Every structure is written in C-alpha cells, then in structure tokens.
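Engineer: Residues annotated as active site, proton acceptor in TrEMBL: ASP131. Residues annotated as ATP binding site in TrEMBL: GLY14, ARG75, SER76, GLY105, ASP106, GLY107, SER108. Under the heading ADP binding site, TrEMBL lists ARG24, SER25, VAL26, VAL27, ARG28, ARG158, GLY189, ALA190, GLU191, LYS215, LYS217, MET218, SER219. The Mg(2+) binding site annotation in TrEMBL covers ASP106. As annotated by TrEMBL, substrate binding site applies to THR129, ILE130, ASP131, ARG166, MET173, GLY174, ARG175, GLU226, ARG251, HIS257, ILE258, GLN259, ARG260. As annotated by TrEMBL, domain 'Phosphofructokinase' applies to 6-282.
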Amino acid sequence: MTNIKKIAVLTSGGDAPGMNAAIRSVVRTCAYHDVAVLGVYRGYQGMIENDFAPLDARSVRNLVNRGGTFLKSARSKEFRTPEGRKKAYDNLVAAEADALVVIGGDGSFTGALLFNQEFGFPVMGIPGTIDNDIYGTTYTLGYDTALNTVVEAIDKIRDTASSHNRMFFIEVMGRDAGFLALNSGIGGGAEKILIPEQHSTLEDLVNEIAINHNKGKMSNIIVVAEGYTTGQNVYELKKYVEAQNPDYDIRVTVLGHIQRGGAPTCFDRVLASRMGVKAVESLLEGKSNYMVGINNDKIDLTPLEKAIKGGESKLDPDLIRIAKIMSV
Ligand code: ATP
C-alpha cells in the first residue's frame, strides 16, 4: 500500500451517462479506505483554475441514476500547454492531492499521461464515452445507455416508416467507430447499416435498396453512423437516393444529442461502480498510468499508452455478418 491520503477526480471530454456513477464509486471507495477526495470541476480547466471541492460519501448521494456529470466537463486548451499543466500541478499539490482519477476519452488520457510524465503524479483513467471507441476495454461508460436510447428511437421511427411505407435514414453518433450504429441497427432491425469501418459506394446503396424493394420490403430503416465515409452527409445521401428513385418517400432523422443524455442503464451503473473501485484500489496499490477496462467480464488494467495508441478498438466482424443475415 502507498501513503496516498487524498485522491482528485475529474470528468473530461464529452459527457457520458454513467460518469456520475463512476464519480460516486471513486468517492465511496475512497471513503471505504479512509482516503479523502478532491472533486475537480470542469475537467482539466478546473484543475488550472483551482475549481475544487472536497467530496465525501454523502456528497454523492442520489447520483447513481443521473446522466451527465455533476462535476461538469470541459475541453481545456490551456492544459495542452506545459504552462497550463504546471499551473494544474501546483494547484493539485497545494490542495494536497496525491493522485488523480480521470474519467473521459482518449484525449483526456493523453493529457493524463503527459501530466504523469512531466510531474510524476500518479494517474488512473476510467473510459467514459458513448462511442465505445477506446482500445483496451470491451465497453466504455455510457455506450450501453446510448445504445438503448438509439434502439428506442429506431422503434418509434419504425412505427411511422411502416405506417406510411417510408424510408428513413437515421444518423447516429460515431465519428470514427460504428459500434453504436451496428449494434443499434441489429437491435432495431435496420435493413441497412452504414458504418465507417465498411466502405461501399452510393451505387451499391441504391442497388441494395432496389433489391429490398423487389423483395417486397415496403419500408426501410437505414442506420448511418456519423463517420460513414462516402464524402456525403446523411442529407446528401437521401438526395442521391431520392434522385435515383423519385417515387420513394424518404425522410432523415439525426438523433444528435439525445444519444448522450438520460439515466444510465443498470449495465452502465454497475460498470461504473466496478471501474471506480478498481481505479482507486489500483492507485492505493501504487499503480499508475493505467486505464481501467472490462474484458471477458473481468475488470482489468491497460497501460494508458496502449489505450491511447494501441490501435482502434475493433468491431466484431461476425456482427457485420449477422447484420447482413438479419436483413435478408
Ligand atoms: P471524447 O471521446 O468525448 O472526445 P476525449 O477525452 O477524447 O473525449 P478531448 O477533447 O480529445 O476529449 O480531450 C479532453 C481534454 O483532454 C482536452 O480538452 C485537453 O484539455 C486534454 N487533452 C487532449 N489531448 C491532449 C494532449 N495531446 N495534451 C494535453 N492535453 C490534452
């Protein structure tokens, strides 16, 4: 065991459901081990601006079920500079913090790793992002909640699609990764799923839609990941397909930020609780520069460097095949 007496915790990057449950877990694990907690508001920017508050087991009540992050999140340009990180370090030391838990995405982990390399300050990461695109963990916090939000939306849109024989392009989040699109597409029964990992041409798309039509499919749900790369956005895709098939009734729904909010699912709450315990106990064991992850249902650690640079987290190719079979 180390002589860590106070742990700072912050949330950084895009907010994700389950971040509050993770903060709660960090705080309660610290309380369990008699370690004090320093809550840092507004991510790294709050570290630079001394925006701190002590947290105890009672200050995180009624949080497990709440979306977003009560510590607030921010993107901090200043933390990208050595001067900004030095200010943050001086503030943490003045507040008597001995270690830092960062809940965020790979950008936040890059900042945490630099911070450790420059000042030797112990850091531990917890992956929080709805995109699920972090190497070293099968699931990130917020992904399961977002997935369920998207499936619920697809179910509702399907009612209209089938009542009017309409085709819907539904854009879901995922700039670089198709996890949300692929899994929500399978769960929501989409006829076609367009993801960044799989390239196809607009002609392919039009051909497939025609094939579906000939099979007697009168309505179509097409799930499009934000980062799907034909060089066209979802409205342009619609325009193109419409131009080829003027008699189709096509609509576009961009789900946008509703995917980020809302109460975390039980899965995300349990995951957050498990990850928070592991993050704190690993720091108390003297470990640093790791990201907590879940692999084969076991909570484990991946070096931050690997989580950042280890490569893309890969979609299961079998799922892509399953999506194809389901839309036969
Ligand atoms: P999301 O997946 O939601 O985008 P993220 O953690 O990747 O989450 P970023 O905006 O990339 O989000 O990073 C969050 C913050 O981490 C940045 O605002 C910045 O303060 C810090 N950060 C990111 N990259 C670096 C870097 N190369 N050096 C120092 N700090 C960084």
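Glycine is no exception: its Cβ is also placed from the backbone N, Cα and C atoms.
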Engineer: Tell me, how many other CB atoms lie within 10 A of the CB of SER76 (ATP binding site), whichever protein chain they belong to?
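Structural biologist: Step by step: centre on the Cβ of SER76 (ATP binding site), count other Cβ atoms within 10 Å, giving 21.
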Engineer: Identify which of the binding-site residues ARG24, ARG175, LYS217, ARG251, ARG260 has its Cβ surrounded by the largest number of other Cβ atoms within 10 Å, counting every protein chain shown.
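Structural biologist: Answer returned by the neighbour count: ARG24.
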Engineer: Indicate whether GLY107 (ATP binding site) is helix, strand or coil by DSSP.
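Structural biologist: In three-state terms, GLY107 (ATP binding site) counts as helix.
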Engineer: As a check: which entries in GLY14, ARG75, ASP106, GLY107, THR129, ARG260, the binding-site residues, place their Cβ less than 6 Å from an atom of ligand 1?
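Structural biologist: The ones that qualify, in sequence order, are GLY14, ARG75, ASP106, GLY107, THR129.
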Engineer: By a 10 A CB contact count over all chains shown, which of the binding-site residues listed here is most packed: VAL26, MET173, ILE258?
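Structural biologist: It comes out as VAL26.
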Engineer: On the Cα atoms of THR129, ILE130, ASP131, ARG166, MET173, GLY174, ARG175, GLU226, ARG251, HIS257, ILE258, GLN259, ARG260, which are listed as binding substrate, what is the maximum pairwise distance in Å?
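Structural biologist: If we measure all Cα pairs in THR129, ILE130, ASP131, ARG166, MET173, GLY174, ARG175, GLU226, ARG251, HIS257, ILE258, GLN259, ARG260, the largest is 32 Å.
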Engineer: Counting Cβ atoms within 10 Å across all protein chains shown, which of the binding-site residues SER108, SER219 comes out on top?
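Structural biologist: Most Cβ neighbours within 10 Å: SER108.
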Engineer: Are there binding-site residues among THR129, ARG175, ARG260 that sit within 10 Å of ASP106 (ATP binding site), Cα to Cα? If so, list them; otherwise say none.
Structural biologist: THR129
Engineer: Are there residues of the same chain, six or more positions away from GLY105 (ATP binding site), whose CB falls under 8 angstroms from its CB, and which are they?
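Structural biologist: Same-chain residues close to GLY105 (ATP binding site) (Cβ under 8 Å, separated by 6 or more) are SER12, GLY13, GLY14, PRO127, GLY128, THR129, ASP131, ILE134, THR140.
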Engineer: Summarise the model confidence on the domain 'Phosphofructokinase' (6-282) as a single mean pLDDT, whole number.
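Structural biologist: A mean pLDDT of 94 is what the predicted model shows over the domain 'Phosphofructokinase' (6-282).
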Engineer: Give me the count of other Cβ atoms within 10 A of the Cβ belonging to GLU191 (ADP binding site).
Structural biologist: 22
Engineer: Given the binding-site residues GLY14, GLY107, GLY189, which one is most crowded in terms of C-beta atoms within 10 angstroms?
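Structural biologist: When each Cβ's neighbours within 10 Å are tallied, GLY14 leads.
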Engineer: According to DSSP, does ARG175 (substrate binding site) sit in a helix, a strand, or coil?
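Structural biologist: It is coil.
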